[in-house]
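Feature annotation from TrEMBL assigns compositional bias 'Basic and acidic residues' to B:455-467, B:476-488. The annotation compositional bias 'Polar residues' is assigned in TrEMBL to B:492-505, B:1142-1163. Annotated domain 'Peroxin/Ferlin' per TrEMBL: B:64-127, B:139-172, B:840-901, B:912-945, in sequence order. According to TrEMBL, the feature domain 'PH' maps to B:633-743. Taken from TrEMBL, the feature region 'Disordered' applies to B:413-505, B:1140-1170.
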């Protein structure tokens, strides 16, 4: 019998094969070869693309280089979403590898945040974790941690150290047994076609009557359209880490096992493929 | 751990039990009587009922209680040379039917069942087994004359012959209360007043004697003789003279017996021992408080608690088996009505004020007095038999006050009453016209002196008790309070001033009337409403004491209730749990949420989808570069290293593990050991991916472990390291183990085909078989196998290819693998979360006391200068005194004192001595003129508590186990699993499947003698060896008939007693046809390596083929210090045979030399051979 630990590993070690090509808009000295890379689903684009940057800088003049940003089929990719979320949202059900265009000019100011250095990513990541813990434990766990513990979480992500990360993250996933779960589930629901960046509300893992709430319960409240009605074709796919969990999956279990390192459960809702 | 029961009696005489795993008191419905006292031990519960008779409740067991009756049939031949042997014997000869000595006349018909609680299992039959060999001629054994030596072969001079007839009787009264008959010659005890059971630790298995002490109403003390496993009821009562009138008595698990005298002083029994369970004399100990008499005493192994008449609780200091009187009293907090000491010296009590059951929290071996009283607050199972209970308590109450002893017989009738009836009855109470006049008048059934005393004491206190205890609502409570007062006060009950018109008068006449009504009540519902006030009143009375009420207890017995420091009891008020800070959460939180959903569809779906996703997104792209480069990560520490060159000694070294990403993305590492040699800094290194095993080493002072590689296995010279502390060793072992597994891409639980082994330290290792290991003709040498440790502690392990893995601990506890991994010192991610449990094990440490005979002084502890140490290990080479001998490793703690072992092979005299002509020689249990030396074996128990993926299979302790080996695609639904209990019973486990590896229950397979070893082959051949060495084959075992039908006695190879049997796929004499390789693995006694010698080494026989079952050579694997290995799970491509035919027995039989290492204790201390 597989163990729930394996889920954590599978989630952590999820990789998306990506093919980075320089956007044709960029001016180069000579033709740029595409660059192939296995991207960790749980990491951030700007955190893991140093090699991509180096690769393309070799064929470019320094004066043509501004801040690097990525785009997929015309959509600028928000670096502050986990890579897996970007992929699920924009490119699931397409052929692999994932073709990402690399830009060094014309930074889309109103679509993307600037990311001058890794410390910006770290700040974003830590603020997510803190927000999640505020929801889960009224910030008690994260506040009880020392500075070096926070650092360990970040370094774990940055260096892809599963053990290092989980040695600390374990504490963030605890809860009192008699309460049956966290205070609130930190989650975000993303849609492709929406003006809102994502949906996020207070949602408890256990109903007032004491039974465990499920993914279906969450969607019923926040995105009823995602729930299939009988006899109707499926309109949406509900994706977490590239899979579609059954609607009866307890939301607490999902939060413990399928959350990203930032402790949020990122749920992508995408139109079901028409075929 | 298995659940066990706490027993208690409430003030109505109803018996309840509370399971350590449960959360409510279960009413013992079988009891049609009210009980005054109970005394429980693990296998049974004794009680005194309101009729002052003693009753016994034996728990059901998968192994029946059976007793073998035997008698001998004797015949002579010289009377009648023509007809041969005749049953007409000379008058001077022995009886035609006799006991084994021939002196006692014992015809078959004279055997009677000892009581009606026994039944015959079958008719008499002839025993055809003679000293381990089958006899041919109807079980006859021959001799020249009576009494002489018998042989199984008839010779020319055989003039007499005899044969043994046997018949089994079986105890049938289990799970029910039976009256213990007093078929007593001589003086009969008068009615009993108190009872206590204990003493099970005095005698060892298989005797299993128990001590049962009782006090009669006249204050005499009686001892029940002859209680043991085969005779649960015992035989007769013997009076034990006492220097006064005893009111209460308590007997601990060991040799402690204390009693309370009427005057309030205490008596301590002395001289209790293995040969004298009754003890020899009494010693008086004064009451704890001068001026206040002792009222109650309770003893355990090393503790005595007492309660004085002012309800104060006292703890006796310094009590042990050498000083049963102890040294002084310490006053404790709490006011208790009675107190009881159970297993592990745990303490239970009944509060004086609230009559609640209390548990003494924090009682440990080092702090026997515990920390605080904690009230056991669990509900009782609510049942409609309430009314029956109350009705019967009425009756018994009547019995008591009427001075009559009467078995009440109506309770069961009323118990079947229509619930409607009861409800109508119940509703009568609150009606205003009944009003306050309706005061319950149930006199207490616990008529024991001291409680009465307590109760009467309370009369004066009523006025000051104005604050009711916490309860659901105050008015109700008030009501209850009054009732309590009334109920427990016999004086008030009998006082006429309290009686009003509707009040029942407590006389026999009224009771008679009530009983008539009760008996007729159920028959006619209409009549119920018109029952006399007495009856309605009694039915209603239950209401205030319904399930929601705080029950009032009279007696508690924890003698059968096993509570250890890691036991999780859910008996205490749950409000404390909710009051905890929100984040004081358990480490198990993750597992908690998912445990009930282990097999849920959503979960399966996620697992499947995730693996599909990984395949889809990664499989074809593994040649892509990883986005994140892995950096080097170093952990450093200091250790001691057993240096490679002579003189070997521990030297301080620096120790560092460097980890980095390997070429294929997996982690790898190098281990460095930095040492100084001639002031020069040097280092030694090991590649993590070459490490084959990390094994903790048995060492009583250092925390040591050994690191092997294939090369070092060949050399028999591992890297031996010692960490400064146990914690550091465990940290390093966990880290290194994870690192080794990572470098080999091993994670998660062991596969079903895994090969399991245990070391002599009890550590469990598992190795994943590879195809290369089976390659023909050049298999990978087994020194390259990688072993990883799994938490837990076992002596024997067996597996099969369906993932059914069972083990047996040193204390004979059976354990089943939960499918998890890790546990023990593996924390966090190296361990599964949801199937790790606490595991304990107990083993004995042995030392020997040696003495030499001296013509002047006899045996003394002064030996010759050349002699061994006077206190030594078994070999005599190492000095081992009682004081300097430590538990095998720092993980173990002593749990007993040194005791003499009388159960050594060859027997001992009464003091445990074995005699011999000289050291070392063969010892015997009696002194002869030629014996100049003697020794005796002392043992002391120690205990280990750890965790691992193992769940206990209670309750029967086992000594051997075997599981059907299955092919890789086997579709066996129920996996045959056979075992031998530590008493030698053969057992067959039912309901074992790959989903439920623990199975459901044991099926006892009857045998004529105790067995010791068992093995089952792939086509259900079950072979077993009895303790006398005879070999048996079980006939007709199949899927449909899992237990088979009968035993066939197989003659063993001439001149050899078999020690081990193991059956593979091929049956015993035939050979498998399909030409697949067959596996033989053994553990060899001694293997010479290039650097050293190792004992207890895993070896594989190479070239074993069906047509060449002996194989041609040995391939040596990991060692030494291995005790047990099982390859029955390894069915990757071949059916398995596990056939340890070491060398010379010439045939391809199933059995030969020991599979395990020899049992020389000195080897156990030496797992890495050097």
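Using N, Cα and C of the backbone, Cβ positions are placed for all residues, glycine too.
Quick caveat, the model's predicted, so the values are computed rather than measured.
If one looks beyond the domain 'Peroxin/Ferlin' (B:912-945) by at least 6 residues along the same chain, the residues whose Cβ comes under 8 Å of a Cβ in the stretch are 564-566, 762, 793, 838-853, 859, 867-868, 875-876, 882, 885, 887-888, 891-902, 904, 906. Model confidence over the domain 'Peroxin/Ferlin' (B:840-901) stands at 82, taken as the mean pLDDT rounded to a whole number. Note on the domain 'Peroxin/Ferlin' (B:840-901): DSSP counts are 0 helix, 25 strand, 37 coil. Under DSSP, the residues of the domain 'PH' (B:633-743) split into helix, strand and coil as follows: 27 helix, 60 strand, 24 coil. Shown for the domain 'Peroxin/Ferlin' (B:912-945): DSSP residue counts in helix, strand and coil, namely 0 helix, 18 strand, 16 coil.
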